[in-house]
């Protein structure tokens with residue numbers, strides 16, 4: 001493929017384009033025809049319970065697995081037709097990976113740099129910068145075997161970046177890390193976002209990544225159940241908001257009263273007051289407060305709790321999905 | 001523009017690609033390499049001294065050593081080395097891909113720009129270079145043979161070339177099993193199983209079939225026997241056996257003898273259609289090439305085929 005054609009294709013295409021992507025392993029359908037478009041420069045959080053199809057999608061995008069149907073394109077290149085072009089553009093970090101223990105940190109990165117065809121002179125300049133980025137400069141002569149898990153994760157991230165890919169495919173990059181290592185990983189990802197990389201990241205600690213994720217995609221049983229930015233998805237949820245109500249007295253009476261009100265899907269009582277999963281909009285929420293006041297309940301506070309990504313994830317994946 | 005594998009690479013970088021460089025570096029850095037070399041030399045040294053001792057005891061010639069005995073010692077060493085190569089080659093190659101898979105480094109390697117051919121051939125070449133190092137290190141043991149005469153340097157060179165061929169052949173089978181089988185243990189067992197069949201199974205098969213055919217010709221009488229071809233097709237079975245092939249290099253008359261139709265073919269000029277070692281090499285060149293080709297095909301998923 002000639003250079004001009006490649007550049008034209010890259011310029012026009014979104015970073016990831018997936019249409020009707022399916023993958024079956026015998027009678028098990030890991031992916032059931034998912035559609036997804038991720039523009040360039042987006043940080044995309046891929047959420048779903050174990051076995052939902054996240055890793056399968058990432059393996060297909062990384063040219064390590066052939067799809068059964070549909071297609072996936074990276075930078076305009078079909079992963080099955082132009083795997084060589086796709087590999088140039090991706091940095092893949094699997095959820096579980098090994099390292100060559102008898103390599104030193106520098107040698108490890110030189111090996112992968114050479115494997116991507118980067119001349120030695122360029123690697124000599126590039127690798128110290130990468131080690132600086134992942135805070136491993138002081139470990140450059142250490143054997144990989146001697147690094148902690150967090151350091152190995154960061155080294156693997158540096159390996160992903162050695163050929164300056166446009167897209168980073170990170171499958172659970174923070175799994176198994178202690179809180180400090182997670183924070184370090186998050187900071188590095190923020191830097192990469194600032195560098196304009198497109199990142200697709202799956203994680204069980206998505207709430208921690210909330211501030212850096214532009215969009216999330218929720219996958220369950222091999223199907224995308226929700227895609228969009230966090231606020232959009234929250235607004236589309238059937239259970240839209242969590243209300244917290246504190247009363248001066250008559251708590252039990254208020255509980256029975258609220259159960260009869262419309263849009264109150266679920267009600268929990270704790271020592272601080274009442275928690276309500278409320279399905280109504282702003283007007284209906286105002287009506288609920290008015291009805292409480294009219295009924296003579298002495299309301300101390302009536303507030304909407306912040307919904308985080310984990311709540312969103314749990315709401316969607318409990319089987320309800322979202323209203324379209 | 002993204003990194004291109006061919007960009008700015010000199011002849012050295014093309015010859016010693018990153019995978020080969022990594023394989024050799026990591027292999028020689030491990031203490032196992034040193035111990036493998038040590039025990040191999042110990043084994044071949046012990047075999048050589050045992051052979052000298054036994055030859056002298058059996059011949060009763062005391063301290064003297066004639067060229068005929070030297071030749072026998074050479075044959076003995078050559079066969080022993082063949083056995084050691086057969087023992088070593090599967091062990092060094094049957095895990096090269098499956099170990100990467102088990103250590104979860106294979107997927108990282110497969111997302112680089114290195115082609116499947118480069119990865120497979122480099123892994124084979126690195127194993128081969130280590131085996132060559134070991135076999136070359138045994139040359140001083142052979143100096144004992146030269147001390148007493150009876151063997152030409154050409155014969156020695158031919159035998160070493162045969163070892164090289166055996167290493168490539170067994171190494172390609174090892175890499176094939178390592179690629180298609182997920183577990184290293186299963187791959188090692190399969191490679192040793194095939195090696196055992198090649199070394200022992202083909203020999204047993206030859207003797208069984210040869211006897212069956214001989215008995216059949218015997219029961220048909222002299223007329224049928226006379227109609228039998230000048231050589232027996234069963235000779236082609238022993239052409240699959242490396243011990244027979246090596247022996248045919250050491251003693252070229254063996255090829256004809258193994259192809260003769262037992263008691264009925266008394267012609268001194270007719271026998272093998274070609275030297276046994278040549279037929280052996282043709283057979284296993286095809287099989288080794290097929291094993292390497294299959295390994296290359298199976299290393300990465302076939303992305304353009306929908307399953």
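The backbone N, Cα and C atoms fix where each Cβ goes, glycine too.
Here TrEMBL gives transmembrane segment for one range in the set B:156-177, B:222-243: that range is B:156-177. TrEMBL assigns the feature transmembrane segment to residues B:276-296, out of the candidate ranges B:255-275, B:276-296. Here the transmembrane segment (B:156-177) does not touch the transmembrane segment (B:33-54). Their Cβ atoms form fewer than 3 pairs under 8 Å, with each pair 6 or more residues apart. Long-range contacts of the transmembrane segment (B:74-99) within the same chain, counting only residues at least 6 positions beyond its ends with a Cβ under 8 Å from a Cβ of the stretch, are 23, 36, 40, 43-44, 47-48, 51, 106, 120, 123-124, 127, 130-131, 134-135, 138, 141-142, 145, 150-151, 155-156, 159, 162-163, 166-167, 170-175, 177-179, 181-184, 187-188, 190-192, 195, 199, 242-243, 246-247, 250, 295, 299.
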